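Summarising the annotation, Swiss-Prot assigns ATP binding site to Gly343, Gly344, Lys345, Ser346, Ser347, Gly348, Lys349, Ser350 and lists similarity to another entry as the type of evidence. Residues or ranges marked as compositional bias 'Basic residues' by Swiss-Prot: 1-32. If you look up Swiss-Prot, you'll see 1-39 marked as region 'Disordered'.
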Amino acid sequence: MTMKVHKVHSRSQQRQRNASKQHGKNKWNKKVRSLDSTLLNTSSGTAKLEQEIAKKEKPAIKRLKKLYAKPVTLLSDNNCADEDKVKPTSVTFAHVHTNGGTELDDSSRSVDSQEWSEYANSVLQNGMETSTLPDSDQAEDGLQFHAHLDHTKNRAVLVMKQSQVLCFRGKCLLTCLYGHVEVLGFTIEEGQQPYPVFSPPTHCPLTITALGNNQSSSKNKKEGQLEAKAIVRKYFTTEPSKKLMNEVDSDSCVVLLESLDTPLTRFLSSFSELTELFGLNSKELKSQAAIYSPVLSAVGVTALRGPCAQGLVMSRSYKETISSLLSAWAGEFDRCPIILVCGGKSSGKSTFNRHLINSLLNHTASVEYLECDLGQTEFTPPGCLSLCTVTEPLLGPPFTHLRDPEHMVYYGQADCQSDIDRYLESLKSLWRNVSGESPVIINTMGWIRGHGFQILVDLVRLFSVTHVVQLSYGTAPQCQLLTSEFIRSAHGWQTHPPTTPALTEDSHSPSRSHVFLSVQSEFEGAGVSGEMRFQRSNELRDLALLSYISKLQSSDPGPIRPLHCFIPYQVPHSSVAIGVTHCEVAPNNILYAANASVVGLCCLSEKVVGRGGPVILSQTPICQCVGLGVLRGVDMGRGLYFLVTPVSPSVLKHVNCLLLGEISLPKILLTQQHGVEGDLPYITTDYSFEVQGAGKLHIFKGLTRPGFIKSDN
């Protein structure tokens, strides 16, 4: 029997839904103002050419051409001294009456007139603001970008010279208007869609690198310069400053930065502990790494300088490995590359994977991603194993780009030590859905010793890996190198030499070797778990769960609704089975344990039929999971579960199994329940873990205690 879903909507919610339908959906369409040629300080022929270029429509969204991106020039290490805050040296505004449409030519005014105009416009704040850095700081930090702000639409145009780099914290919506820029390995060119970029202190800061214009263009430098200037003018209601326009040439990159406001950012910022999530970390604050720029600050971006502005630190082996993997995809092989990335904790695997995915997306439409790391997942909440098809760049940490994978299994824990066999069998079931038409990236756990290393050996064999990327740090490797020679004689958890045939190989085919690539991580703090705020592993897991729960919020701007304000689905006990994945719980106590907990919403192949009570699973199944939910309450009298989940009803109707795991709700969801008077639900301090039986009993399946291992002697 499939899940029966009943959900009742209040009248106020219906009125809000009807009202939202009356508003337009396209948020980014803007009216473009046409310029009069008499306003330009150029010849009539040049003005006419600029008008023709400005009248051209903005190119439609397109995929990036299959061209290799230009190399990125890295910032040099500069000393980050304690300096005073840098203030803009010039603030220039166009002389326009705010209540009319008259514009005056600056060239005919006297010096006194221009000074009075600048003073008047600085008081009026006439919808425009230009920000540049003083020449001394530009020379010191290499940041010679120029930005211009349109207050009326809260967006900024950033002009960058070729090879210039902007390292920043914050979040914004980025659109490339002219030229090419690169962010975390992904090349963005003019005409492509806007991309959200997130640079919180949970990870290294992002950088925007100007790659210049396309060299294959048939336009000469003058035509390219006029085209770039015309594009800049299209995004302002009044004439931009001369200082900004003088910086625009045919080799410039013009980027539009807009404030980013999404249900995710609104939901996270509603918690007092997360108000500085997109600000600076303690080290950046202490070293005064922030550059004062009111234009960038207005759109949610803080530029960095000095050693804090290095961004992603790539060693020579890092760059060579990325180049080698791109060549493997571009070359003609009998099958797509299958790339397994491994390494110890805090060695940089996740960042390397994102960089590799973005680099591959410059040359292919999609990349398949097999998630084997239960604790630090990329696209799902923690505790999930998944297979995703990635088609969009990853321009932020994992909690900023969660998505619904095509195939997912709910394991229910942040590690697999308690049941390694179920872990491997779950991955095998996911691997059977790999298409084989796109490059595959396999992300692994940071558990590389003991049984964790045996699991790595199994994964290399079972999935017929073509490339193994092993990240290490320091002078000595953290584990044995996973070369082809070593794999032939190594013992895994399930596989042993001679090599067991891989899932994709014929049993009579000879064993294949793989390409081994070693990457030396040279960034500061490699191998050391994050100790600053928002960098601890449990905090990152909480952010991933909060990001998933934020899908419940409305896409329209408005107040944030607490979890207890959502009307739950009513699910009959007889239509779904329930089980516990991570420990042994007496059947009579399972519903007590599941109340107010996170559950996996799964689909069993067989029907579930109950007789007058809850259906309890005796074993944990390996089955498709469509998402997570919060079991808000249990009504034993009516035989109902009350479930809150962002999963759509069309998908939810196929769910017939609820799996309770070790993944729990973030504390702040329970401690900050707005709108509740008196005692907070599910919160108590009157509890003692010293009472016998108060804690949970961990069961490690398949692992024998050392004292009970029989000796061969």
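Glycine residues also receive a Cβ, built from the backbone N, Cα and C atoms like all the rest.
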What is the Cβ neighbour count of Lys345 (ATP binding site) at a 10 Å cut-off, with all protein chains included?
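Taking all protein chains shown, Lys345 (ATP binding site) has 16 Cβ neighbours within 10 Å.
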How would DSSP class Ser347 (ATP binding site) in three states?
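Going by the DSSP assignment, Ser347 (ATP binding site) belongs to neither helix nor strand, so it counts as coil.
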Taking every protein chain in this structure into account, which of the binding-site residues Ser346, Ser347, Ser350 has the most other Cβ atoms within 10 Å of its Cβ?
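Of the binding-site residues Ser346, Ser347, Ser350, the most buried by Cβ count within 10 Å is Ser347.
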Can you name the residues of this chain that are 6 or more positions from Lys349 (ATP binding site) yet have a C-beta less than 8 Å from its C-beta?
Val341, Cys342, Gly343, Asp373, Asn443, Thr444, Gly446, Leu471
Rank the binding-site residues Gly344, Gly348 by the number of other Cβ atoms within 10 Å of each Cβ, and give the residue at the low end.
Gly344
